[in-house]
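Below: the structure, in structure tokens.
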């Protein structure tokens, strides 16, 4: 039973990280993978947080590791997922990606992810796998490149 509880917890963590990716992309107006302080305030509002301008400024300063005045998606995920415990999820997802990349093309589809998750004994629905891929698909090609995939895995480590 602990295994089911662990999987549920890991899926909650994954869903939270995916909601962060989706919110980030929704406010990244020019699709360059970086957001301004004003865009960060918009993301926080869309996630249900009523942060003051001072709080947004403090978050921006805390998360902006390279001090360029912008938050990259990696900085944003790092800042918002450090308290999360992904358990074995990051390891499982990394293993899955490696298992799928047998042809070396570094492209992952929802169907491929679902197949590997099933082979690993994880009962993730095709719908959840498709949602995961769509959430990470920054170029809209229906698949996730290795770089796109690493964003979410790195945030769970």
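Cβ from N, Cα, C; glycine included.
Small disclaimer: the values here were computed from a predicted structure and weren't measured.
Under the heading domain 'EF-hand', TrEMBL lists 15-50, 51-86, 88-123, 124-157.
Here the domain 'EF-hand' (124-157) is broken down by DSSP into helix, strand and coil counts: 22 helix, 2 strand, 10 coil. For the domain 'EF-hand' (51-86), residue counts in helix, strand and coil come to 20 helix, 2 strand, 14 coil, using DSSP.
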